[in-house]
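The transmembrane segment feature in TrEMBL is assigned to B:18-36, B:56-73, B:85-104, B:116-135, B:142-164, B:188-208, B:220-246, B:252-275, B:314-340, B:360-383. Per TrEMBL, the feature domain 'ABC transmembrane type-1' maps to B:184-383.
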């Protein structure tokens, strides 16, 4: 569990991050969302003390972060940034093994961990281990950057706009991969993004920051359905709210018995996809793959309006 | 595409530099190739290449020279062009040595023969052709090292064979062989020793400037100012300063330090070296990509680990480029030391100037140029080797 306790950072007497308190449960993804200048990156960088707080403290599993030397603290916390930050003169294997090497792991254990992570990120170790970062595609570089941040099995993974430099298609795939790997490893992840879509797609909890203050902290459904301030509502996008809500839910939640014609939809597809399929093919209901059930346009419509 | 657009139809497939070298070579042949003088000081008589010996020597020599320059023409055959340059070079040496023998035969005891402007121009054209062909072939660091060793070996063989001993410069050398050896050692001490001291001061200073931005502007401005002081003025400042220092600390005098001689020259060279070393250290450390530095901090590298594992390896080529500048600059500047009794090749240059003996000047100048060229090529090889990522991964 990560406890952030009235964390404040002043620059020239003005707070960049103003008394932010929040608790992050182990094994979840939390997204910090805000516009640029909202203090979200400052908040993130105070957790591994790349920025020293002016006041307040962070406790990781009960231990305050200021009780340790900063570089030792950082070795326990994974850190992945926009533009991956890989060392251009080190091979992929050496990049991923960087923190384990700092921690003094034996060579064979590092090698095994590197291969394990490359496999996890669907990159063939024998093919990629000895390549240099410049020989990889943008998506591959970014995956190696995240793999490096996870290498020492950190208590916490901090990510600062990790997908910011990727094109939209690669970005969506990278987000799906991250979600899958996080479930597989049970990691605790704190991710900073300015992209509300990304936050909704990835996070269990979303923290919205505005002018250095934490303005709302809740599940994606809460944030979409009940934005606490006009700023949050604007971040969510007034017009897209029903669609965003539907994008959080799976077809299987609304599946009901009954007949339906035409192409089937997967039970783990989102209701947003189902709505889209209904509108596009002009059908009132879709059969759910692998079942005798269906999902109806009527049920989707009432679910989208059920927030109030 | 641009070739066909800009090159006249008849010249397609010819190397533009090769063409230039051939034309320059032909023009240079009109200049006097060698000079014959009654003694080492008086002005002499310039002779064109076809008059330095009987046709039995000049004809084959000039034919091979022309053939060599012609081989430099085809743009797509760099190996052939290099071969042409070497052939032309051999022809030049052949003409020079045989010309010297022929001209000295019926001249008096004090007569001197020297290469003249035509020879020097042709030598320059030939070396440029060789350099151009080599650049086209893009040899790797290892091959360049082999080529350098080969060239030095060939030069040594030519000098050791005594073929050049009849030339005036050879006679100047013969009467000063032991002094030349001493000057060589002293010149190397001046240039390499000052580089070592400048590196010992400059690298830490550069690292400090990189870490403390407030230091950077002041340090670089001061060193730039030092760089603008003309070398003669620098000695002028150094002589009273060191003189006063020695008077205050007699122990220094026991170490051989004085207002003139080796010490002020050495100190001046160190001062001139600091700017390139410090500036390139700062630039090299800055060259590491910002995200990589940020990631290194975020992963828990200590500042020292960051320096040794990330910033220095990535900045090494730029750092070494700074060392290269200093080395070549110091080899040249060390000549000035001859003016204040600092020794080195400058001794011959300034003696030659005083006696208006051109060949004595050359005895100091040519080895200086050679030393600087060897240093530059060696440092380029080291800079290439210091790039940590393989070429295909850059």
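Quick reminder: no glycine exception, Cβ is built from N, Cα and C everywhere.
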Stretch of maximal Cβ-Cβ contact with the transmembrane segment (B:116-135) [cut-off: under 8 Å; candidates B:56-73, B:188-208, B:220-246]: B:56-73
Segment-segment contact (the transmembrane segment (B:188-208); the transmembrane segment (B:252-275)) at 3 or more Cβ pairs under 8 Å: yes
For the transmembrane segment (B:142-164), distant same-chain residues with Cβ under 8 A (at least six beyond the ends): 93, 96-97, 100, 134, 170, 370, 374, 377-378, 380-381
Range from B:18-36, B:220-246, B:314-340 with the greatest count of C-beta pairs under 8 A to the transmembrane segment (B:56-73): B:18-36
